[in-house]
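Now, the feature entries from TrEMBL:
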BINDING   His487, His491, Cys589, His593  Zn(2+) binding site
DOMAIN    1-623  domain 'Alanyl-transfer RNA synthetases family profile'
REGION    384-415  region 'Disordered'
Amino acid sequence: MTSEQLRKKYLEFFAEKGHAVIPSASLVPENDPSVLFTTAGMHPLVPFLMGEKHPAGQRLVNFQKCVRTGDIDCVGDQWHLTFFEMLGNWSLGDYGKKEALEWSYEFLTSKKWLGIPVEKLAVTVFAGDPPSLKLRGASAPFDREAFNIWQGLGIPEAKIFKYGKKENWWGPAGAAGPCGPDSEMFYVTAKPACGPDCQPACSCGKYVEIWNDVFMEYNKTASGKFEPLAQKNVDTGMGVERTVSVLNGYQDNYQELIKPLVDKIEELAGKKYEGEFVRSMRIIADHLRAATFIMGDDLGIAPSNVDQGYVVRKLIRRAIRHGRMIGIQDNFTHKIGQAVMSAMGDVYPELIKNKEFVLANFKTEEDKFTKTLQAGLKEFHKSTENTKVQSLTPSPSPVLRERGTGRGRKTQKHTTELSGLATFNLFQTYGFPLELTKEMAYEKGFSVDEPGFNQEFKKHQELSRTAAAGKFKGGLGEQTEQTIKYHTATHLLHAALRQVLGDHVFQRGSNITDERLRFDFSHGAKMSAEQKAAVEKIVNQLIDDDLPVNFVELPVAEAKKKGAIGVFADKYGEQVKVYSIGDYSREICGGPHVARTGVLGHFKIIKEEASSAGVRRIKAILQ
C-alpha cells in the first residue's frame, strides 16, 4: 500500500457514501492568531462545525496537510513528524456515531479497501466520568453506544478498551463549548507485549493508533454541565504516513513517502541509514520536508524571527546542524527541498508553483547560518567548558550556574544550566534558536534557563519598541498629509503589481516617509523595464481617474468573501476595515487614506531590487 493508493481509496470510499471531496486548506490558518499552523483536518472547518453552512454540503472528505511543533523534540524517533498528512471525513449535523463507526470498520477491514484482518484491530471508547463528578452534575456518561456498535461489528470485548477523558475525549477548546467522546482505532503489531497489562495506552509500540473518530455531541456550559448539542458533528482523522507504515509492516515512518529524502541524505552524507546516523537523518528529512511545505504554501512564509517564520528558521537550522554532524559540509537544504517537490509536487502543485521562492530561501538561510554556525558552536563550547571550572568554585558562574543552589561543589549531569543571558546571546549574535541550544546543552549534560532567556528576549523587545516609537499601522513613519498619500498609493501599487505579475504577489512589508514609499512584495524575479512601465501606467491611470476611497467595517470572514486581500489581517482583530478604491482595489487595512486618488500626483518608480529571497522591493515617489 502506497500513500497515493491510500489517499485515493479513502476519497473514493467516502465519495461513495455521499461525501463531497474538498481541497486541502493552507498550512497557515487565515485570521486565527491563536495558532501558527493548521494542525488537523478539522481546523479549517471550525466555523462549519459551529453551525455555519458549508457550500459543499453536510458530508465532507479530504486529505489535509498539517504541521505540529509541540513534539518537535521527539522527532528522530520512529513515528513523530512535524509535517504530516491527515485523511478526514466529517458530518456537519448529518449522520452520527453508528454510520461513522460502521464505515470506519468497513474501510479498515473490507478486502476492497484496506483489508486489515479483524484480529489486527483494537479500539478504545470513552469510559465515562467518575461518580464524584456525577454527584456535582458535571459528568459525561460512558459511551455505551460506541461500545455496543464495536461489539456488533465483531470486535471482541477484550479488544475494546475503556479510557477516561485524557485518552478518549475531545474539547472544548476553552472552558466551555462543543465537546464529546472519541473512539480510536489501533493496529496491533507483531511486536511482543510489554507485559500482561499491555494495551493501547502503553507507549511500548505494540499498538499503533491509525484512526480517531470524534463525536461532538455535548456542549459544556460555564458551570461545567454537559448538555446535548443542537447540531451533532462527526470529525475523524487518519494519519497517512503512519497508516502506510503499519500496513506495510515498516518499523518507522521513513520507508515509503519520506524514503526519497532519506536516500538523498545518504547520498550527500556518504553514510547509510543505520546505527548512529538514523536519528540525524530522520530529523533532517522531517524538518526540511516541513520547511518546504511551509515556505511552499501559497502564503509563502520565509524564515524570520517571528511567528511562523521563526518555526521555519529553527527547522532549517536544526537540520543544518544535524547535516554537519553526519558529514554534509556543503550547502544541502535546497537539494532536500527539491527532493520533497519531486516526491510530492504532483499531489501538492503549490510546491512546484512556489519552487523558486522555496529554494531561494533555503539557500539564503543556509548561507546566513553557515557564516555564524562555527563561531556559535565555539562560543557554546566555551560556555560549557567554563562551567566545569565555575562549578568547583564558591560562586556560581554568570554564564552557567548550578541549579537550585549557590554553593560551590562538583555537580552531576543536568545539575547545571546555561543562563538566560548566554542562551539569548547565542540566539541574537549567532542565530541559534532556543530549541537548538537546548538540544546541544542536553547532549552535554546541561539544561537551559528558559525563564531567563524569555526575560532577556523581553528586554530586547522593549528596546526595539522604544527605538521604533512613532510608527503605526501601514508602515508609516509618522502621520502627515504626504505620508497618507503615499499609504494610499501603496494600495494602488499592490493592485497593479498583481495585475501585471500575477496573483502570487502579496505585500511582505512597507515603510513610508514624507519623501517616498517602500513596498516589499512576494515575487521571485527581477522586474523587467516593460513590467515596471506597465505598473506605473496603471497606477497613474487610477490616479487620473480620481477614484473615491471608501471603507466599511466587516467581520473578517465576510471581508474575505468579498475578495479583500490583506496578509496582515490577523493583527486587525475580528472586525476589520476594508478600504476600496473604486472597483480596482479592496484591502483589509487600518488606514488612514485620502478621500480620492486625484490628489496623489504623478507616481514614479525610482528603484526595484531584491529585499530577501523571493521578495522584491520597490521604492517610489509622488511628484
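Note that the numbers count up from 1, one per residue, in the order the chain is shown.
Cβ coordinates are placed from backbone N, Cα and C, and glycine is handled just like the others.
Recorded features from TrEMBL, shown on the structure.
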residue : record              : Cβ neighbours (10 Å)
His487  : Zn(2+) binding site : 24
His491  : Zn(2+) binding site : 25
Cys589  : Zn(2+) binding site : 26
His593  : Zn(2+) binding site : 21
Looking only at the domain 'Alanyl-transfer RNA synthetases family profile' (1-623), report the model's average pLDDT.
85
